[in-house]
Structure formats: structure tokens, C-alpha cells
């Protein structure tokens, strides 16, 4: 009997402690929500979140549910029921089960747990982002930077790896037990938290603008490089580079009708493998001419006017920060994120450095903006056709991401939307939604026609948004959100990255603009 009494008393005390703990957690989460730390729907989740999950539907919003207290033991219960003010994301399957909808109907499809990805799959996605076809511009950076350009390829890899890690650390806060809890879900949420409470949405607007600029500029670069490659592959044909850009854009018009990226994602692995094979072919050709390498042409001094453009090119080739929050949130083991970032950026640094150096040694001062244009005509035509196919198949991803950001900002932001929703009740795209998409395709074409300068555009984008998203904002957010927890060397690194990144960004932007003005002034086509 005494044992039974002690057991009942123990169960009562345990249930009471659990109820108090749950209420305390609810109050803390409610406080975070009122401070602006509760995450909102964001369009960054599109990019590289999972190999087979590129059609994530942002228009549906994030999965959220009200935390309920669990009954313990079976012989007693605490203060059960719904706890006010505490809601959390059903990201990792640890939340309450969704057995039915509020009206007793079947479970909504949004409550299904999304498949997680391994560290290897996450690393593959990061590799796709930082090892894309824009490495073709790196030998041009060595042309104007020499050995310092090689050093910057290594330096940019180290810094981008570091800023990617500190950006993810800004997604977490410590709870009352000292455990790290993911309270933010995207780059925009981090920016909003830094500007709260006075300007709770200012940071998100800044990040969204930078994200749109980078995505649209990426689309423009794909059109520019397509026209450039086709023109240099068939120089004897009476078709100009601008005409080739128009032909390429005509093939891209179906992107305006995309509702998801399932069809495109099927080609992503094939495109990446094709690009890897192309890089091998270029390196193999360069190695075949190793006895003619011009080591004396690699300079220890820099071209003061052109080198800042090279900085932008190098930085742009490493940009992946806008995709990292959604990528880390979809990993099976988020604890492996740091290790994944290390080996992906080490591999990228080695491959980019070798590719840029070997290609420059082969052609030296004759190195062109797109290195494949230096190949012999027969090899060039084959390689460039594959590259054009890859560029056209890569275009839908940044295009779709840019459309999602624009639609959410101007058409789908609830009562704050500037225009009606682009989609009808049946999910069909309305006329103005289709007009928006077609206008974006046409805009990328016009920019590619009037600014057909691959290296200058790449340098401008890297200096403007690449440095901001990869260097400036992560270090600034890290200092703002985690100031009291940072060690002195972390503060030093953040401040140094912010200062150096700011100088490189301003310098690169100015010199890229000067280069574009000069190209227009003297009517330079390429």
C-alpha cells in the first residue's frame, strides 16, 4: 500500500512539473513571436533544398501547429489542453502529430513530413551552386590579378565557408535550458530579427531586393553566355551575338508557364555531369600544351583598373548563402552542416584554382572572358553547344526563384499585397501572372542584348549583391544577434570581413561600371 501511495504521489508531481515546463516554454515562444523572431514564409526555400524536392510550394506557407501538453504516466494528468502563445515549425517531425484537420476532415497534405537529405546530398547541392558554369570566367580573373587572383580564390572560399556557418548560427537561440533551438527559418527572418523592433520588416526587404537582383542577373548571364558561346562557335554564320541571344530566349519562353521544377530537376544531375566532363576536356587540352605554358606571364602585380572586376567575378562564383538556411533545415543531421561546408569549399577552392591557373597558362594574354572561346574551332563548337544546353537548362531555377519572390512580395502577401493573387481558386495562373513571367523573360533578353559583356556583368553582380549577401550581411547579422556570446577573435573576424568586403564591393562596383561605360563608349561587342 505504501508503495502504491508513493507511486501515485510521484506521478502527480511529475505531471505537475511537466505542465509548468510546457507553460513556461509557451510563454518564452510567445515572447519570441512578439519580438519578431517567429519565422514567416520565405522564398529562399526554393533553392537546392533537396535533390528531388525542388517543387516546394511557397504559396502554401509554413506548417505550423499549436503546442499541446502531453499526458504522462497514465494515472494522472497535468493542466492539459492548448497552451496559448506557443507555436513551432513541424520541420523535423518532433512536433505533435497531425492526425486530422480542425474540422475533423482528413489530414492536409502540408502536414506530411518532407523527406530529409543527407550531408552528401546537401554537399552536392552546394557544389552545384558554387561549381557552376561561371567558373569559365575565372581564368579571365587571373589575367588581371596574377598570383593575387589565385590567392583570392582561396581567400574567398575560406570567407564564404565561414560566413555560411555564422549565417546558420543566426537561425538559433538558446532556450531556458541552454539548448540551441531553431527560431528562424531563412535569410529574411535573420534580417528582420536584426532590425526588430523598430523596423521589423526592413531587413527582409533589403535581403529580398538583393536576392531578386542576384537571381535576375544570373538569368541575364545565362542568356549572355548562350549568345556569346553560339556566336563564337559559328563565327562564319551571318548571325550576330544579339541574334543568338534572341534565339536562346525564344527557347526559354516556356519557363513562363512553369508551376514547379519537377521537369527541370530531372536534368540537373545530367547538366552537372556534362559540365564536369567539359571542364575535364578543357583541362586535358591545356595539359596537352603544357610544354608551351607561359609561366612568365603570371604576374605578381595587378591591373589596378581591371583587378577589382576580377574580385567580383571570384566572389560571384562562390555565392550560395541565400540557399543555405533552407538547405540546413532539410538535412537529416544538421550537426553535419559545418563538416559539409568545409569539404565542399575545399574541393571548390582546389578545382577552381587549378582550372583557372592551367587555362591561363595555356593562353596567357589571349585569355578571353569565356575560356572556351580560346579552344580550337572544332573542339570549341562541340564544347560550347553542350555549355549552351546547360545554360538553357539552368535558367529555369533562378528564374523560378525570382518569380516566387516577386509573386509573394507584390501578389501574395495577404492583405498587404499590392496586386491581386496571380493564381485562381483552381490553382491556374491568371493573365497578369503570366504577363509578369513573360515580362521577366523579355527583360533578361533586353539586358543581354544591350549589355552583352559576360565578365563585366559577372563582376558587377558579384560586387553588388554577391559581396553583400556573402560577406557584409552575414558578418553584420552575426555581430548584432550574438554579440554577447562571441569571443574576441570572432568579433575580429566579423569586423575584418565586413570592412574588407565593403572595400572590395565598392571598388568592384565602381570599376565594373567604368568598364561598362567604356564598352558602350567605344561600342565594344565582347
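All residue numbers here begin at 1 and follow the chain in the order shown.
Keep in mind that glycine also has a Cβ here, set from the backbone N, Cα and C atoms.
Feature annotations, reproduced from TrEMBL:
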REGION    69-110  region 'Disordered'
COMPBIAS  74-83  compositional bias 'Gly residues'
DOMAIN    116-513  domain 'Amino acid transporter transmembrane'
TRANSMEM  147-168  transmembrane segment
TRANSMEM  209-231  transmembrane segment
TRANSMEM  243-261  transmembrane segment
TRANSMEM  267-287  transmembrane segment
TRANSMEM  307-324  transmembrane segment
TRANSMEM  344-363  transmembrane segment
TRANSMEM  434-451  transmembrane segment
TRANSMEM  457-479  transmembrane segment
TRANSMEM  491-510  transmembrane segment
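Most Cβ pairs under 8 Å with the transmembrane segment (491-510) belong to 457-479, among the candidate stretches 147-168, 209-231, 344-363, 457-479. When each of the listed stretches 147-168, 209-231, 434-451 is scored by C-beta pairs under 8 angstroms to the transmembrane segment (307-324), 147-168 comes out highest.
Between the transmembrane segment (147-168) and the stretches 209-231, 434-451, 457-479, Cβ pairs under 8 Å are most numerous for 457-479. When Cβ distances are compared across the two stretches, the transmembrane segment (457-479) makes no contact with the transmembrane segment (344-363), since fewer than 3 pairs at least 6 residues apart fall below 8 angstroms.
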